[in-house]
């Protein structure tokens, strides 16, 4: 076995060297872009932290020790051996796409190539410059100060938005995003909390990654700027953490969301091509609403992937609650609910695959599903299926409609992994604590 381990180590090392050789020019180009695309604008004149010399606490100096570690992982983890993981991989295709790279901070935009599901084509600000947020204030929603998050998100050009340091941003009014933007909180601790939160309205190509959003409040009846050339009157906002309204190609990944006035993530009014992944959601009532109303038929075109999320303590219902449309709910970990986990009305197609459902102790709340405001003669025709889900503590999923795979083609966006590995796939859900110069 030692001979095998050394061979495995040598092969892994060779592959890594080849990958570094192939990508060295790309890495150099993006590093130059990161450090040189600063202008006189105070928001972009600050380079990102760069600490290539940081000691990697996971490094091992002794090659024999490395071989022994690899050998142990191969022998002790049946699932990892079967799926062919490397030592830093988890089987989560999003995380494995970028988190093994200790130089992630030098090539942040590669994250845009890692999306899966219906929102996989969301590129955010990949093709634009970096914008470094230096100022957590939000004193003027009409004339935002350069260097603030509000000033960044309203720009007409693509931008990859990062943060100079840890900060808590308390928004006075909705943060109305313009198209082709990425909010990237990796490497620092960023929270949007205690005020208004994020609105994605009639735009496209948005990535929100690595931030904390909590304690959002209702705001409005005020003027708010949405682009450099336009501002207007906003009525009262519901107080969602993230509100998606008439928008497409949206990716919400690795955020920690909790305790807001209305929903944590709502997608309505014809929104589609959305992936909600790797988020950690806690302490909230109505978690996710997908679809505006039973009568709003434009939502029949909605396609949403909900994958690798952890629905945690203090959640009550709507994980999600769907209307019309097509919803792929795959490899999520449901550890808490009070009323139900997945609900819907108006004939949505729900494809539940490879999830883990841990029912609450209440004997009257064991059912995963809820048909809202519908009688059985109506909902028995709706296509809701459970395939490969793991039901714990008496949890059960009430299926309906067709069983044929073809009926779920428009609600299928990626291959589901076994529910037995969900704990590993979702272990790092929520905003990550990434350190510059180390694997995240």
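The backbone N, Cα and C atoms fix where each Cβ goes, glycine too.
The active site annotation in Swiss-Prot covers 318. Applying an 8 A CB threshold to same-chain residues 6+ apart, the list for residue 318 (active site) reads 263, 285, 286, 287, 288, 289, 343.
The secondary structure of residue 238 (Ca(2+) binding site), as reduced to three states from DSSP, is coil rather than helix or strand. Other Cβ atoms within 10 Å of the Cβ of residue 238 (Ca(2+) binding site) number 18 in total over all chains. For 238, 262, 266, the entry in Swiss-Prot reads Ca(2+) binding site.
The N-linked glycosylation site annotation in Swiss-Prot covers 41 (among others).
Residues annotated as N-linked glycosylation site in Swiss-Prot, with sequence analysis given as evidence: 76 (among others).
Taken from Swiss-Prot, the feature region 'Disordered' covers 32-56.
The annotation signal peptide is assigned in Swiss-Prot to 1-28 on the grounds of sequence analysis.
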Most Cβ neighbours inside 10 Å, all chains, among the binding-site residues 262, 266: 266
Residues within 8 Å of the 238, 262, 266 Cβ centre (excluding the Ca(2+) site residues themselves): 237, 239, 240, 243, 260, 261, 263, 286, 289
Mapped DSSP class for residue 262 (Ca(2+) binding site), helix or strand or coil: coil
Secondary-structure category, per DSSP, in which residue 318 (active site) falls: coil
